Amino acid sequence: MRKFIIASGGTGGHFYPGFSLGKELRKRSYEVLFVVRKEDAAIKTLTKNNFNYKEINFTGFPRSANPIRHIIFCYKFIVSFWQTLGIINAFKPDVCVGMGGYLSFPVIVWAKIKGIKSAVHDSNTKIGLANKICAKFTNIFLLGLPTSDNIKNTKLVGTPIREEFGLDFNREEVLKSRGLNPNLATVLIFGGSQGSKKLNMAISKTAKKIVKKNDTVQFVHISGDKGYDKLRQEYRGCKNIRLFAYCHDIYFLMRAADFVVCRSGASTIAELYACRKPAVLIPFPYAADNHQYYNGMLLKKAGCAELFVEGDNLAPKLHEYIAGISKNKNILEFMERGYEMLELPDPLKSAEIIADTVESL
């Protein structure tokens, strides 16, 4: 039986593509071991799904000048580097796969030193620092999105998303179950795992103004736990607006919506692509290397999304744009066709494509 190590964790954007790959490799009767950060939130999901894992005490390179942070980084780097060697020596993998982020680094470097085949996956169009370094040591570099960065031996494979996005569903039932009217145009709003107060408030102002003047559109806002109480006060008495702290089946709600307002992380981009949903993208302004901006620009250039930078004028810009398209369905149809220009791999098949690739190493 062939053995695979998958370094995956830190954020949902790095973990869930790796988790999808792990499930696909297990279907093929391979043994899979995950390497994750110590006390990673991903451990709960791995345990629930009976995956073996090992923890390393690693952290990302500090981007501040604080010397204490650099000292802590150096200490954790040395410790985790040797932890990783112990994991590899004990498990004896045939292939190591890094799914992006700093966790990939020690795994991919040791794979190179020990002559083990490896692959690295980056979901973003702007390649991260750790992955740029890993690219020098790996056999093949797998791209979630096209990139202009100078990386050798690449293959465009897409970013895996949850298989639930491919399930059959009934739009009317999905909307009615949330107190929404299936006869109205539906705008879905969510901020991702790094949703912010500024984004929530700008969008709430927009939604309130639009429903006062237009009774043919409704909003469903997934706020996150932190923003929920404040927004509940904001939306009190507003018609055609539904607020939820969390949505466990966003895969149905996104497909039921006519339009989406969201961040532009790589997993969200892949989900929008799979659903062919017109969108307004508001990049998380503190993302490393501003990668969400570049992800969003890919969709904007194809005509399937608009992009606004988070700032003081966000609320009026959102209001003007969404109010305009809510009156013109032809714009939405044009934006949906824009996805055809991208010609990306099907995110619902990306896990299979990646598994085929690493299987062949």
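Each residue, glycine too, has its Cβ placed from N, Cα and C.
Positions annotated as UDP-N-acetyl-alpha-D-glucosamine binding site by Swiss-Prot: Thr11, Gly12, Gly13, Asn124, Arg162, Ser193, Gln292.
Residue environment of Asn124 (UDP-N-acetyl-alpha-D-glucosamine binding site) contains 27 other Cβ atoms, counted within 10 Å of its Cβ in all protein chains. Cβ-based crowding with a 10 Å cutoff singles out Gln292 as the top-ranked of the binding-site residues Gly13, Arg162, Gln292. Secondary structure at Arg162 (UDP-N-acetyl-alpha-D-glucosamine binding site), taken from DSSP and collapsed to helix, strand or coil, is coil.
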